[in-house]
Every structure is written in C-alpha cells, then in structure tokens.
Amino acid sequence: MDDKQHTSSSDDERAEIATSNQDQQTNSSKRVHLKRWQFISILIGTILITAVITVVAYIFINQKINGLNKTDQANLNKIENVYKILNSDYYKKQSSDKLSKAAIDGMVKELKDPYSEYLTKEQTKSFNEGVSGDFVGIGAEMQKKNDQIMVTSPMKGSPAERAGIRPKDVITKVNGKSIKGKALDEVVKDVRGKENTEVTLTVQRGSEEKDVKIKREKIHVKSVEYKKKGKVGVITINKFQNDTSGELKDAVLKAHKDGLKKIVLDLRNNPGGLLDEAVKMANIFIDKGKTVVKLEKGKDTEAIQTSNDALKEAKDMDISILVNEGSASASEVFTGALKDYNKAKVYGSKTFGKGVVQTTREFKDGSLLKYTEMKWLTPDGHYIHGKGIKPDVTIDTPKYQSLNVIPNTKTFKVGDDDKNIKTIKIGLSALGYKVDNESTQFDQALENQVKAFQQTNKLEVTGEFNKETNNKFTELLVEKANKHDDVLDKLINILK
C-alpha cells in the first residue's frame, strides 16, 4: 500500500487475505481451523504478522517434526559450511548479517515469485506501519511483479487517486531516482514521508512515462460507506479490515430501514484484506455451513465455511456487486462466493486475479519471511489467479478514464501523426470540446479545439499541445472522473 503492502498492500502493495493465530484462538467458535496450518498466519496480499521464531528454532522444528532427508540435511550443512568459511576465512572482513541476508535473499529470489520476500528488521517495521491502517503517504496499493513496482489500486479519495494514479501503473522513479532493483518495502519507505510534503512519482502506463506530483497526507482507511441513491442503496467497501463485516451489516440494516430492496456492493479498487472478514461478510448473505473459500496445498484442501445464519433483513434484497481490475484478493473471495451461490449479480469489468496465499514468519531479530504457501478457490472450485472474475454484465469504463498518460516531454502540432493524438481527441471530447474523429492525425480542426482549450484555461494560446496544456488537460480529466461516476450511474439505471 503506500502504503501498504500486499504483498500488495498499500504503497503499495497488494490485496490481502489473512487469518491470524490470535484471531483463531479468540474466535474459534466462528471459524473453521486450517488443520496443518492453523498456527500460521495466512495472507493474500498484505500480511498479518503473528508467528515469532528464531532461525535456529525454525530449523529445529522442521527437523524434529517434519524431518530432513539425507539430501536436505547435506544441503543445509553445505550452506552452514559456506557461511562459516566466508565469514572466517575470506581475505576481507565480512558482515555476518550481510552474508546471512544474502543467502536468504538468494533462496527467495530463486522462487521467482513476486509475492515471496525476506524483510530486514527495518523493512519489517515499515511493513508493520503500512498495514496498521493509519499512515502518512499517498494511499496507493502496490505490488512487486516481474521486478517492477505496479499499482494494484489507489484507495478511494486518496491523494494518489486524485492525482490520477490508476491500477497497473508501473512506478519507475521516486523523486527522480530510479527504483530499479529495490524491494517493495524500500519503495514504500521512499514514497512515505512527513505530512503535507510532496513526492514525485514517475509513472509508466503502456509505453509512456509521466511525472506525477502527489502531496502526502495522513491516510485512514475507512471500511464501509453507505449512500441512498433513489431506490438503490450503494454500499462502498474500501478494504477488508477488522470489523468490516460489522460495518457492512450496519449498512445493510440501514438500507433495510430506508425501505430499499436493491443494494449495490461497490468493490471497485478494493485491494482486499482479512480472510476472516470476507467469510463473515459473505455470511451476511449466505446461510450457515456453506463453504466460502477453499484453501489448497498439493493434494490437501480445506474449506472455510460460514458459521451463522444469514442476516434475515438481507434475504429479500436484490444484491449487485460492482468490480473492476482493482478489485483483488479478499474482494475476489467475497465476490466469488456470492456469485457461485447466485446470491448476487456481478457488474463492471474483470477483477485483478490474485488466487495465491502467503504465510509470514517473523524472526526473533525482527526480520520477516513471507512466502507463498497455498492457493485459494471459490466454492465451486474456480481458480481465478491471473484470470480474475468476469462480471455477469460488463459495464465499460468511459474511454477518457482508460487513456494512457501523454508524455509531457513531447509537443504535438498540426501535421503530426502519433497515437497520443487520438488520446488528446478523446480527452477533449470528454471535456466538452467538438472533436469529429479519433484518428492519430493532428489536423486543423484539432488545433482550433486546442486553442479553445488553452483560452478557456488561461494558457498561452499556441494551438500546440505542449507541456503546460498537457498538465491542465490531465488535471481536468482526473477531476471529471472523480466527480462523475459514469459506471455506477449506468448500473443504477439498469437496476431501476
């Protein structure tokens, strides 16, 4: 995420689904325990840290409980011997901590898994701050994928969203410095800072790059928001955190009190959160004893089921779920369950597609290992990783909200032929200017509209689409997108 990690979290970061040992102990009557894994924190995306063990203890436990075959023991001995040799006999003095970290980093890197990572004590501290719920940053959920830092989704109402950051944007620089090769936590640390200070992100969208300046703010992730729109209740769920299920229940009861029979659960750009909450939330609409999600590792499968009767006030409601490519992790668990049981109709666009689960181990020295341990499936056995969940009814996002960033290092004028010129035309049309085609040609008609745009916005009137014009153009499109929710409006019209 900014600010959080999901392993995608928020700053980034990515969505998460988690069950903690503590939660399992205090809520044992309401949860199906994971047999072999019941003492391990399970995460999808952002991680909830619970187990604290030393490296020595970890090795001992594995030897004692699981056992090591001769090959494994030989490999472990080899690693130990190499460490001792380099630490004591290398001609230059070596840091034992750095050697240890390098060995662990090498093993994790060999997994070729963007969700597995080893964090130092400092990185773990930053990580913990990121998943606390309150932080100073830009409010952008991010993940590391293919050695790139990618935005999973900007949080609703966050500085990142207001600045135009979108899902799947790739961050290449922070304050002009390349982040190539940096760990997710390091990037998070760079993006964060003091309240009311600014950070400049270089964003790559498609083949183009653009600098985006964002003011850091104190971010508080509010779980659920309810609004009445005519005869439809719109419940926006921003994240799956502690007591989100309680907030959702309250919102549903409020809608019932308002006499509403149709409910929209808006999960767009929801990066996920706690698995327990996703199960409890599904239980509001799904009866007791039903499987909400299946966790699978090898040949072992464990079903997590609902433990209570469905909320009676919700039984007669017509439920619609609205999703997009920023809906990930727990959002997909919840959506997949209601879809499989025909409790809701899904609208919007295909979801992110994250169907693997991470486990964390925090060591005594404060460092932490996060690794993928299993995958999850919907009640009907659908594996959505890399595929996402397709909506029952597609509602396309307006063209202007899906445009690539136009590089502000280029100037376009009459006679030019470039794909970005099509973007200019679509954007100007969305802003109310008369554009009669969407070609890649910068013609006289477009020059006239650019001049009109410049004059209206008190810019130098040149007819050329330069840096200043581009910046204002982008600002107004972002403002329009934030003020007018075309997708939600279309859905409400469908439900009338």
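Cβ from N, Cα, C; glycine included.
Annotation source Swiss-Prot lists region 'Disordered' at 1-27.
Annotation comment: Swiss-Prot describes 1-16 as compositional bias 'Basic and acidic residues'.
Summarising the annotation, Swiss-Prot assigns compositional bias 'Polar residues' to 18-27.
The transmembrane segment feature in Swiss-Prot is assigned to 39-59; the stated evidence is sequence analysis.
Taken from Swiss-Prot, the feature domain 'PDZ' covers 124-206, and the record attributes it to sequence analysis.
Mapped onto three states, the DSSP output places S329 (active site, charge relay system) in coil. Marked as active site, charge relay system by Swiss-Prot on the basis of similarity to another entry: S329 (among others).
Within its own chain, D340 (active site, charge relay system) has T378, P379, D380, H382 as residues 6 or more apart in sequence whose C-beta sits under 8 angstroms from its own. Residues or ranges marked as active site, charge relay system in Swiss-Prot: D340 (among others).
Annotation source Swiss-Prot lists active site, charge relay system at K354 (among others), citing similarity to another entry. Look at K354 (active site, charge relay system): DSSP puts it in coil.
When the alpha carbons of K354 (active site, charge relay system) and S329 (active site, charge relay system) are compared, the span between them is 5 angstrom.
The predicted model assigns the domain 'PDZ' (124-206) a mean pLDDT of 87.
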